[in-house]
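Colleague: Under the heading transmembrane segment, TrEMBL lists 45-62, 146-166, 186-204, 216-237, 257-285, 306-330. According to TrEMBL, the feature domain 'Homeobox' maps to 77-134. Marked as DNA-binding region by TrEMBL: 79-135. Look at TrEMBL and you will find 137-338 tagged as domain 'TLC'. Annotation comment: TrEMBL describes 348-363 as compositional bias 'Acidic residues'. TrEMBL lists 348-373 with the feature region 'Disordered'. Here TrEMBL flags 364-373 as compositional bias 'Basic and acidic residues'.
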Amino acid sequence: MSLNRMVAMLNEWLWQEQYWLPPGIRWQDIEMRDEDGRFPMPRDLLITLPLAFAFIALRYVFERIIAIPFSKCLGVKDRIRIRAPPIPKLEAFYEHVSRQPSQSQVVSLGRQCGLSQRKIQTWFRHRRNQDKPSNTKKFCEASWRFVFYLISFAAGLGSLIDTPWFWDHKECWRGYPKQPVADVHYWYYILELSFYLSLLLSVSVDVKRKDFKEQVVHHIATIFLIAFSYASNYVRVGTLVMLVHDSSDFLLESAKMFHYAVWTTTCDSLFVVFAVVFLVTRLVVFPCRIVHTTMVVSRDFFQPFFGYYFFNVLLLVLQGLHIFWAYLILRMLYKFVFTGKVERDERSDEESEVDEHEEEEPEGKEGESNYKQRKETINSKLTLLANNCVLNNLTNQRNLNSRLRKAR
């Protein structure tokens, strides 16, 4: 079977009408003339891949030209970390076996390298700390997302506030699936999908946080949700989903930026605002308004089909992630109420594979012990020097007395 024949069969299977359209609707029924407006076509999404790479390039320029100088203006400081000395055997073990060797592995590595167990453990601790992202890197990442989410939310709200489905969700389905898409909503979709594609493509070089796996699932679910809703012309309700998510994301990123700059009061205030907006939009507005209209209200306008079930499953996946993050945020609010400050970002601000208390404190203790050793050495040298000075003074005094006796 030729390749062209296989592609044709796959294309015919993929675009079957029962997957994408309600029962009784055919592709010919939703064809529009140019004067009717733009109708979503799956091929429109091909432009998102080159735009995703353009976002990655734009982010690189933004971080170097804007984010890094801005971080210095806010006073972001990086922790000075001791670099591990180059030891090929330990480096190979670190890269290919484990970043945290067991006790037996430490003993084996010590025999191979001729080092004590303490030196092996110290080397791995320094090496792990060496790989931890700096505050400047985390600030640049947060500032890039803040700028995009803020612009996206402002532009999305401006384009939707005058639409009928923004106020009456039944309008999301009136006339479905033959609903033209305005150019502004088309670009809202394309740019949002391109941005999440860029996040997924750069996930390997971004800061790995405690909710790394959940973030990857979120990006994949969001990409499928945006792409499928566009191809199925769920654009009206899809724009509402994107607006709800953008409404709180830029607040979180701004709180992170001030957290890295150690503007504690500003960070705590922004976090409280973010928590309120997040809990209201993700646990009230999203399930009670958007999920309700896609699962219940839509059935007043068409019979359920594959696209209906698939779209709602993706929405429920997002809602599950919302509940998970809401739990972490409520933990932070609990700490804030009883301690008076936000100690750390329970949602996603801790690195996933490195425990701060496990990594930073031993290095600090080791640095403190080294300082004590240096201090003791300096004190001993000063004592020796002082003793020498005293002995010299006594000797000179004796010599002077003997000379005086001879002179007399």
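Glycine is treated like the rest: Cβ placed from N, Cα and C.
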Colleague: Would you kindly check 45-62, 146-166, 186-204, 216-237, 306-330 and say which stretch has the most C-beta pairs under 8 angstroms to the transmembrane segment (257-285)?
Modeller: 306-330
Colleague: Please give the sequence-distant neighbours of the transmembrane segment (186-204): residues at least 6 beyond its ends with Cβ less than 8 Å from one of its Cβ atoms.
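Modeller: Same-chain contacts beyond the flanks: 38, 40, 44-45, 47-49, 51-56, 59, 148, 152, 155-156, 159, 215-216, 219-220, 222-223, 226-227, 230, 235, 238-239, 242.
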Colleague: Apart from its near flanks, which chain residues at least 6 from the ends of the transmembrane segment (146-166) lie with a Cβ under 8 angstroms of it?
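Modeller: Distant Cβ neighbours of the transmembrane segment (146-166) are 62, 172, 182, 184-185, 188, 191-192, 195, 236-237, 239-240, 242-243, 246-247, 249-250, 253-254, 257.
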Colleague: Please report, as numbers and ranges, the same-chain residues at least 6 past the borders of the transmembrane segment (45-62) whose CB is under 8 Å from any CB of it.
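Modeller: Long-range Cβ neighbours of the transmembrane segment (45-62): 143-144, 147, 190-191, 193-195, 197-198, 201-202, 227, 230-231.
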Colleague: Return the average pLDDT for the DNA-binding region (79-135) as a whole number.
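Modeller: Overall, the DNA-binding region (79-135) comes to a mean pLDDT of 83.
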